[in-house]
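Structure first, commentary second.
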Amino acid sequence: MLSFSRVVNCSRTCSRFLGLSLGTASLCAAGANIALLFPNWDVTYLMRGLIGKHAMLGSGLWGGGLMVLLAATLISMTGSFSKSAPCLQVLIALLSSGLALLGAVICFVTSGVALKDGPFCMFDVSSFNQTQAWKFGYPFKDLHNRNYLYDRSLWTSVCLEPSKAVVWHVAFFSILLCISLLQLLLVAIHLVNSILGLFCSFCEKH
């Protein structure tokens, strides 16, 4: 009886820690997505509508951010429902896990696609008469013979504006990718912790 009680208490403490960790990760994801809206901390690109679709989608704000933050709040409150019915505890665990899982997956997929397509920037488009023309777009999206992620020479030679567009894009979307992976790991731990805690609660009552 004592061992089951200790496991249950440990599970509740772990839930609070997981909730705090997920909440912190969600705020970091939101911060990274906000940074992507202001290349080089310049607001003019956002005002002119020259921000890439992946950053404008805001998956780090509402997916890895708000959805995970709501789930983290539910997870942290798990200890408050310690005397409630097991069915309610199961419902809260499933709801919080599903919400965090969905938000993290959305952020992960969007970040992966963004890294694959490359940054939205101004680049040189050579016409048939060899005159120079510039436009905003995704210069690396259809570059099949070279991968810009591994070819650092392309980082400074292709995108003309914003300056260091590739570095900014790769850095913050990589951060979002890592944060979403961490969130997925924390959700998996939360599921295991919830199942263990509920099992021990049943054993403790019987």
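For all residues, glycine too, the Cβ spot is worked out from N, Cα and C.
Membrane topology per Swiss-Prot: Pro39 and Asn147 share a side, carrying the same topological domain name.
Looking up Asn9, Asn129 in Swiss-Prot for N-linked glycosylation site, the annotated residue turns out to be Asn129.
Listed by sequence, the residues of this chain that lie at least six past the ends of the region 'Important for homodimerization' (182-192) yet keep a Cβ under 8 A from its Cβ atoms are 14-15, 18, 21-22, 25-26, 29, 64, 68, 71, 75, 93, 96-97, 100-101, 103-105, 107-108.
Counting residues of the topological domain 'Extracellular' (111-171) by DSSP class, helix then strand then coil, yields 19 helix, 15 strand, 27 coil.
Mean pLDDT, taken over the topological domain 'Cytoplasmic' (193-206), works out to 65 on the 0 to 100 scale. Here the topological domain 'Extracellular' (38-54) has Cβ contacts under 8 Å with residues 110-111, 113-114, 117, 119-120, 136, 138, 162-165, 168-169, 173 of the same chain, all six or more residues outside its ends.
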